[in-house]
Amino acid sequence: ASPPEVNCSQYNRKGSGITCSKEWKPICGIDHKTYSNECMFCQLNQNKRFQLRKLHDNKCQIECTNYSAICTMEYFPLCGSDGQEYSNKCLFCNEVVKRRGTLFLAKYGQC
């Protein structure tokens, strides 16, 4: 079952764009970024060329915002939802971005 879509039209105010509260009700986007609430999700993504979707409610398990395309050999295994083991967060995040959010963390450690 996929998560319900975020209805951003409810946050649009004519002529003034989107104004959000500071309520902490985090959601995780398919970009694996944690947004403080649905309104902030809509505000920060209104100018993106592709529609961003909600992955799930609550914080993302692993933040992939500052990943590098070039990874170290550090060994801190992560098990992905695909059953694959990734040697470290960098390698995991590269795969998350490549798959556009269809991969998520199953557990820390080996699969």
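Think of each number as a place in line: the chain as shown, counted from 1.
Glycine too: its Cβ is placed from the backbone N, Cα and C atoms.
Noted from Swiss-Prot: CYS20 is disulfide-bonded to CYS39, selected from CYS8, CYS39, CYS42. Here Swiss-Prot annotates a disulfide bond for CYS71; of CYS42, CYS60, CYS90, CYS93, the partner residue is CYS90. CYS60 is paired in Swiss-Prot with CYS28, the candidate among CYS28, CYS79, CYS93, CYS111 named as its disulfide partner. The disulfide entry in Swiss-Prot for CYS8 points, among CYS42, CYS64, to CYS42. Looking at the candidates CYS79, CYS93, Swiss-Prot gives CYS79 as the cysteine bonded to CYS111 by a disulfide. Summarising the environment of CYS64 (disulfide bond), the number of other Cβ atoms within 10 Å of its Cβ, over all protein chains shown, is 19. CYS71 (disulfide bond) and CYS93 (disulfide bond) have their C-alpha atoms 10 Å apart, to the nearest angstrom.
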